[in-house]
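Feature annotations, reproduced from Swiss-Prot:
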DOMAIN    12-240  domain 'ABC transporter 1'
BINDING   Gly44, Gly45, Asn46, Gly47, Ala48, Gly49, Lys50, Ser51  ATP binding site
DOMAIN    266-506  domain 'ABC transporter 2'
REGION    507-527  region 'Disordered'
COMPBIAS  510-527  compositional bias 'Polar residues'
Amino acid sequence: MPHTVATPPPLLQVRGISKQFSGVVVLKSIDFTLQPGQVHALLGGNGAGKSTLMKIIAGILPPDTGVIEMNGQPCFNLTPAKAHQLGIYLVPQEPMLFANLSVQENILFRLPKHQADKKKMAQLLKNLGCHLDLSVSAGSLEVADQQLVEIMRGLMRDSRILILDEPTASLTPAETHRLFSQIRMLLQQGVGVVFISHKLPEIRQLADWVSVMRDGGIALSGSTADFSTEDMIQAMTPEAQKGALTDSQKLWLELPGNRRAQSRAQSQQPVIHVHDLSGEGFAHISFHVQAGEILGLAGVVGAGRTELAETLYGLRPASTGNVILEEVNITAMKTANRLAAGLVYLPEDRQASGLYLDAPLSWNVCALAHDRQGLWTQPAQEAAVLERYRRALNIKFSHLEQPVRTLSGGNQQKLLIAKCLEANPLLLIIDEPTRGVDVSARSDIYQLIRSIAEQQVAIIFISSDLEEVVQMADRVLVMHQGEINGALSGAAMNVDTIMHMAFGEHRSVSEPQSGTASSAENKGTSC
């Protein structure tokens, strides 16, 4: 009788996992498998259930039904500590570091002594190409560097199952390449990786297997090579809206009491004029933005884009230079006064800086108005405002008093945009608006930003995704090491040129300025 070799069990097997929140079904009898040395990509629209499933596997949430097995052995009553002991580690989409502890303390936090090896930490940092100061507080890092620290925490734990939730959302292409090299090294050691991403080219580059979630279930699963990009997109968003916002959505979206009177809408005077501005992380910055223009701000992490945005909003002091908003010098104004004057900032980190996670949705959407009007709230008015933006932006939620933290990432981002719009901006600074947002919600946000510009709002658009910068901007300023390395517009505005300029090459190409630029045909150039 021939001898048969038993097939080893999967590294991870999830069977029949279901979950409800307040009677709402978010996971429907999910089956999910991860083999040793495999990258299993998980795709899905915002609210599809990806994060809930991963939190159950990581012991953060208990399932209502179903079984989790690791190497063929059932895992009962999982907690985060127990999951870590078993070798399961979740790197969250939003960094969850201890802001007051140093980078090194965060990486080594609660590590067993046999794993808290500083030499190993130094080698891993070298492999990732990280040049972080380990002594600085984690709260002082940019989001991309915080993400790398979170990844380091997982790598230091010798995890057998590494769950990466949007790990490259804030990373540069070079940082992404180094991370992927490190992942491939782990795969050779038999580590299994669950890779959650909305970047389909990355999934094709890295993942052996792909599963697509929709409405709490698995809509598609199989070898990545067997599916086209269109197959994956259709499985995620079979009824996704395509094209521009509908007329009714635009009607709901119209800014309340638009600050820009019709008589001034055609003014050639810039909405904002920045002259020789210097501050922490940048120097000698000069540019202007017209009404209705989308000005892209590109550069690698550390180029000074976020520092510039925070200085324009008044969160950081300027050392020299002037900022003129609608012919008023606001350089010395406090943030509250800049907000009242019409300068609104949508920050990069929506959870840490943009939204009050434990406050109700209705309160959040009017939060900037609260800043101007005091703490007295008007629940009926807040409810009406939230309903208006729900219709305009397709925000999905169960009830008005629902805490923000219960929303999916894409719906949180839409709520943050609604909050900024309710402040009635003249100038809207948008920092990484689609970080961690799915394909469908990303398209919604693009159309939304264009619709805002059509209402003669000036927009500064900051993004690490160079393709979306080219797609969205009328002009692009490229920053390198805290300075503007050049301005691009028209045919010169392409990913390759921007990338070279972001790394210090001088390729600035501009066309004669055409004044207000609110469409692709009216792209200004002078900075």
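Glycine residues also receive a Cβ, built from the backbone N, Cα and C atoms like all the rest.
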Which residue among the binding-site residues Gly45, Gly47, Gly49, Lys50 has the fewest other Cβ atoms within 10 Å of its Cβ, if you could check?
-> Gly47
Using a 10 Å cut-off, grab the number of neighbouring Cβ atoms around the Cβ of Ser51 (ATP binding site), all chains included.
-> 23
Taking every residue in the domain 'ABC transporter 1' (12-240), what is their average pLDDT?
-> 87
Report the member of Gly44, Ala48 (the binding-site residues) whose C-beta atom has the most other C-beta atoms within 10 angstroms.
-> Gly44
